[in-house]
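Colleague: Annotation comment: TrEMBL describes B:28-50, B:62-84, B:104-133, B:145-172, B:179-196, B:233-255 as transmembrane segment.
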Amino acid sequence: MGTVRRYWRLLGIQLKASGLLALQYRADFFTEGVTSLFWTFTALAPLFVVFGERPVVEGWSFGESLLVVGWFTLLQGILEGAINPSLTGVVEHIRKGTLDFVLLKPADAQFLVSTQRFLPWRAFNVLTGLGLFFYAFTKLGRAPSVTGVLSSVLLLGTSTLLLYSLWILTVSAAFYVVRVDNLTYLFTSIFDFARWPSSVFQGVAKGALTIFFTYVIPLALMTTFPAEAMLGRLPLHALGGAVVGSVVFAWIARRVWQRSIRHYTSASS
Amino acid sequence: MSARNTLRAMPTLLKVGFAESVAYRAEMLIWVLSTTMPLVNMVLWMAVARSAPVGRFGQADFVGYFLATFAVRQLTSSWAAWLINWEVRQGTLSMRLLRPISPLWAYAAENIAGFPMRLLVAVPVTVLAVVLVGSRAVPQHAWQWAFFVLAVLGGWAISFLANVTIGALSFFLGSSQKVMEVWLVLYFVCSGYMYPVELLPSGLRTVINWLPFRYQIGLPVELMTSAHEWREALALLGAQWAWVAVLFVLSVGVWKQGVKRFAAFGG
């Protein structure tokens with residue numbers, strides 16, 4: 001119990017440091033807001049064009065797809081505000097050989113690197129995502145059910161866990177191919193596939209892509225599942241699968257991370 | 001910095017640039033992999049076109065269009081804005097300014113020298129398109145090839161000059177990364193990168209025809225997939241090169257004013 005308390009306190013300290021740093025750059029609040037709205041607009045532009053052509057694409061109407069984009073935007077906020085900044089720091093540490101300082105500290109290395117930096121203003125995307133949900137349900141002309149909302153909140157947890165684990169796996173790769181600072185771009189471009197309901201990919205290669213994005217890189221679980229949960233059409237076993245799957249995925253990511261850490265030889269050795 | 005100096009230095013600059021692009025090939029591969037957006041859009045539009053074609057686009061046409069988009073993006077991209085921003089902030093630009101040749105030429109040379117490596121990506125993708133879609137994935141006649149090459153050059157020139165203009169704004173703003181981001185969003189939305197421009201409503205299309213973005217990606221792709229008769233193609237090429245001229249004047253102007261300021265605070 002003592003260790004859990006200690007880690008909570010550590011998290012508090014790290015959050016406070018990032019928070020103070022963010023308060024120094026208050027103008028960022030405005031610019032982040034504007035850029036977030038801008039990017040949301042790019043995400044929406046193809047949606048308008050596509051649904052200008054067809055009312056329903058692979059079983060998804062405009063309003064329903066908006067929910068997927070909403071989840072995409074929301075998770076992007078979490079990714080860019082809470083996950084990306086710290087873990088990009090790891091790549092930097094590896095390159096400069098300063099990861100030793102982190103490893104020497106008497107706390108779990110994965111915890112330390114994952115909490116070292118937050119960019120709170122990026123959370124603006126979360127607000128944009130919520131706005132999209134609101135707009136989508138106005139379009140659909142109904143409100144989400146209570147169970148729908150509850151299960152989507154649960155899925156928010158699993159999605160965040162999945163996203164974080166995927167990032168841990170990507171960062172682990174940096175231990176082996178050190179000279180790669182663009183991993184972030186690669187990652188975000190793969191994440192791009194999550195903008196669309198996963199069933200859209202069914203028509204290609206006999207559904208291989210859908211299977212790939214559900215089980216290998218579980219993008220479908222991150223945006224399509226929560227959207228379906230909100231619409232109240234996600235089967236219970238899929239919900240259970242998402243919870244179990246994300247925990248297993250996180251466990252694998254942790255094991256890979258630990259292996260990579262052992263593989264890591266510092267700059268001095 | 002006379003024209004003769006520049007001409008004499010060019011081969012060396014190109015050689016150095018090429019060596020660099022070979023040395024950082026792993027990085028380049030990551031960059032290429034991170035431009036997968038056309039593939040996402042290809043799959044999406046194939047789903048849309050599954051039951052019936054959209055406009056003149058059937059499923060195969062979308063495959064051809066978006067593979068061409070992928071290839072053209074490789075050939076027309078430029079990253080000079082990031083480089084200029086970085087060098088202005090770090091102050092390393094002063095080293096470039098000491099040389100007897102304008103840094104703009106150096107940036108251009110670095111970009112052009114990456115071409116062979118980029119062709120290594122673009123050509124197989126084009127071959128794949130021909131395998132999947134047939135010969136209509138590439139221009140049919142000699143004049144169409146010529147127009148296509150001109151359009152790719154023009155597309156690259158627009159990207160590069162816009163990059164220089166926005167990069168040079170960092171002399172005045174401290175950092176022009178955000179401006180670049182805005183440019184990129186407009187580029188994604190208006191260039192035909194996410195959907196063929198002709199699928200847009202006609203009012204919007206008229207606006208887009210007046211903006212530079214379509215000429216960066218859309219026009220080369222359309223010429224590659226033979227979407228236009230030669231008369232129309234010629235008019236569009238004219239508009240493209242008009243933009244090249246405008247951006248050339250603009251970029252040189254902003255750059256010159258900016259360097260003066262840089263010298264002022266760099267001492």
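Glycine is treated like the rest: Cβ placed from N, Cα and C.
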Colleague: Relative to the transmembrane segment (B:28-50), which of B:62-84, B:145-172, B:233-255 accounts for the most Cβ pairs at distances under 8 Å?
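Modeller: That would be B:62-84.
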Colleague: List, by number or range, the same-chain residues at least 6 past the transmembrane segment (B:179-196) whose CB is under 8 A from its CB atoms?
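Modeller: 37-38, 41, 45, 55, 57, 65, 69, 73, 81-82, 85, 162-163, 166-167, 169, 173, 208, 211, 213-214, 216-218, 221-222.
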Colleague: Which stretch, B:62-84, B:104-133, B:233-255, tops the Cβ pairs under 8 Å count with the transmembrane segment (B:145-172)?
Modeller: B:233-255
Colleague: In the same chain, which residue numbers or ranges, 6 or more beyond the ends of the transmembrane segment (B:104-133), come under 8 angstroms Cβ to Cβ?
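Modeller: Here the qualifying positions are 6, 9-10, 13-18, 20-22, 25, 28, 32, 60-61, 63-64, 67-68, 70-72, 74-75, 78-80, 83-84, 96, 156, 160, 164, 251-252, 255.
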